[in-house]
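*Asks:* Would you mind keeping the following structure in view while I ask a few things?
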């Protein structure tokens, strides 16, 4: 069989499609001929890192993905976890890094749109969103432009679609100067017996195109997302998709309405690689072939080629395998919502992916080799060198503890993110119980009197760089801890693994180490990974990002009225630290932001202590013994106390007399498995007795009183001063005054 080729397939063209010479040879061996230009594009899209996970698949298989509550693990559009009463939560996190650097508004907006589609494709109504954003250093000339565009894009799409943004992260570091990260998370609610999957079943059934029309936007987007950046980056702007949240809202309602009719056999959103990836995945999963007739595809631009139509990443589109007898019902629903509905193909029994355009066959390929049998690499990797220990007595103590604390709470990475989250609608749908700014976002489960879900997103990239294994463990542990700090039971997680070029053994070593750490922590904490995304080649001119394996998790609150908040302490409450005294200053923000050093190892994560301490805190919260709770993470005990004081507006009188160690390590050490809790005075003794009997280390620290954070003669800073420092950096940065002052 030979397909006509109007474009010569040259080594340069092959390389431009991101295919290595040995991969192209594999294509020749598979199909026994030269591929057509359209086929080359299809292979390029399906065999790149973004779609095939060819560098990471071996290691992803080692992650724990099952558990008593897991209904659907990795391999579908999103993970599904049981939350009792016949309900389930559907969630996933995914990156849109490269597009957001090139075109920040549309890149971020379509990142939100794509993750929302992943959720409602499964039959779930989205109820919460988060985003983890990482930008270059604040004084880099592009950073403010990128922050402004990304935040506007996230808010513009999410707000218009109608989903509350309940949490996330914003971090600045020079290593993201040329390659920002935009990791978008969404969660939705569905009935456990009404989950829709992408696996096609049945021969000769109609393949239906749903949603918006196809244009040229995003052609080659998946291939771009699997490449490094260089000076030609601006030329890649046409590969960024354009989103329309109002069309997506109509698509959501039409899909959920259609799903009630029994018409849907399989459904897949069109994301990376568009029509190509969705059709191949549906067929390959079901051991079926797919035939597409591109003349039936709704288009919004004239004279589109087969190549452009197959690789377009136009947004707000779905592909579905339909019960034939339900065609009229299905079409009526989509017409009602003002959306396209077109039968563009059929399922076949020959395991071929066949594409017809203008009456000619432009692609005829083995579907399994495009999908789940794509190339897989066992890349060489090198373990990171262990950093030398950094005892606290070798780290300089601050001359002025109060000024040091003010500097930390007002720094680029620890200051309030209010400027960001106030641009997001956090209250739409009317179920938000905890908003951004605390440990986790909390959303009430619609239709249930007491049940709620908690959401958190976490990673500490400087730890992962220092020690990928411990950093991977810590990302999971902090997510688990933040969910626990509300009183919720952590159920499951999704991972978004952002790394540099995996062809470099040291970068591949970071990825391998982090996955090993994530796996160990997930197993120890019964916190399985049920969905996720890998984003590699995050490099510009050979400079890689900080390794950033973001972990987003979901927890269940059986009764949200027994929930803890960071800022709900009452006057006279006693402050207790759960966990060991601070001692670890290696890779800390005190070391980085105050002393200008990145030395030292990451803190070790004792997963047994993490589990024991967290279970104790959760139990105390659910028993009504805790009025406020906050996890201790970056900045140590000092920053955690400051954040609690700012959130409540009340002072804290703290005595470190019982603590053992150097004052700066006690305050700023970033030892793990720790919380600060506020408890009523009349139950403080009871809580401490319970902790002692459970083998949980604790320290009585002081009392909620006054209007200042006063620590043991070391510092006394008014809550007003703390808030002023905490709230002022971001607005000043965005209006330019912070940079002007720094100059």
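Glycine too: its Cβ is placed from the backbone N, Cα and C atoms.
Feature list, courtesy of Swiss-Prot:
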- 50: active site (ACT_SITE)
- 96: active site, proton acceptor (ACT_SITE)
- 53, 92, 495, 532: ATP binding site (BINDING)
- 94, 533: Mg(2+) 1 binding site (BINDING)
- 95, 96, 97, 98, 117, 241, 313, 314, 315, 535: substrate binding site (BINDING)
- 118, 269: Mg(2+) 2 binding site (BINDING)
*Asks:* Whose Cβ lies within 8 Å of the mean position of the Cβ atoms of 53, 92, 495, 532, the ATP site, other than those residues?
*Replies:* 60, 74, 93, 94, 494, 496, 497, 529, 531, 533, 534
*Asks:* Counting distance between Cα atoms, which of the recorded positions 50, 118, 532 is nearest residue 97 (substrate binding site)?
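*Replies:* Nearest candidate: 50.
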*Asks:* Restricting to the recorded positions 50, 94, 96, 117, 118, 269, which ones have a CA within 10 Å of the CA of residue 532 (ATP binding site)?
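*Replies:* 94, listed in sequence order.
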*Asks:* Given the binding-site residues 117, 118, 313, 533, tell me which ones have a C-alpha lying within 10 Å of the C-alpha of residue 53 (ATP binding site).
*Replies:* 533
*Asks:* For residue 53 (ATP binding site), what is the tally of other C-beta atoms lying within 10 angstroms of its C-beta?
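*Replies:* Summing over all protein chains shown, residue 53 (ATP binding site) has 21 other Cβ atoms within 10 Å.
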*Asks:* Using the residues the record lists for ATP (53, 92, 495, 532), what whole-number Å value is the largest Cα to Cα distance?
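*Replies:* The span, Cα to Cα at its widest, is 16 Å.
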*Asks:* List the recorded positions among 94, 96, 118 whose C-alpha is within 10 Å of the C-alpha of residue 495 (ATP binding site), in sequence order, or say none.
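*Replies:* Passing the 10 Å Cα cut: 94.
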*Asks:* Return the maximum Cα to Cα distance in Å (whole number) over the record's substrate-binding residues: 95, 96, 97, 98, 117, 241, 313, 314, 315, 535.
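*Replies:* Value for the max Cα separation, rounded to a whole number: 20 Å.
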*Asks:* Could you state the CA-to-CA distance between residue 92 (ATP binding site) and residue 269 (Mg(2+) 2 binding site) to the nearest Å?
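*Replies:* So the Cα of residue 269 (Mg(2+) 2 binding site) lies 14 Å away from that of residue 92 (ATP binding site).
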*Asks:* Measuring Cα to Cα, tell me the gap between residue 117 (substrate binding site) and the residue listed as 'active site' in whole angstrom.
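*Replies:* So the Cα of the residue listed as 'active site' lies 17 Å away from that of residue 117 (substrate binding site).
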*Asks:* Give me the long-range Cβ neighbours of residue 269 (Mg(2+) 2 binding site): same chain, 6+ apart, Cβ under 8 Å, in sequence order.
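*Replies:* Long-range Cβ contacts: 77, 114, 117, 118, 121, 278, 317, 318, 319.
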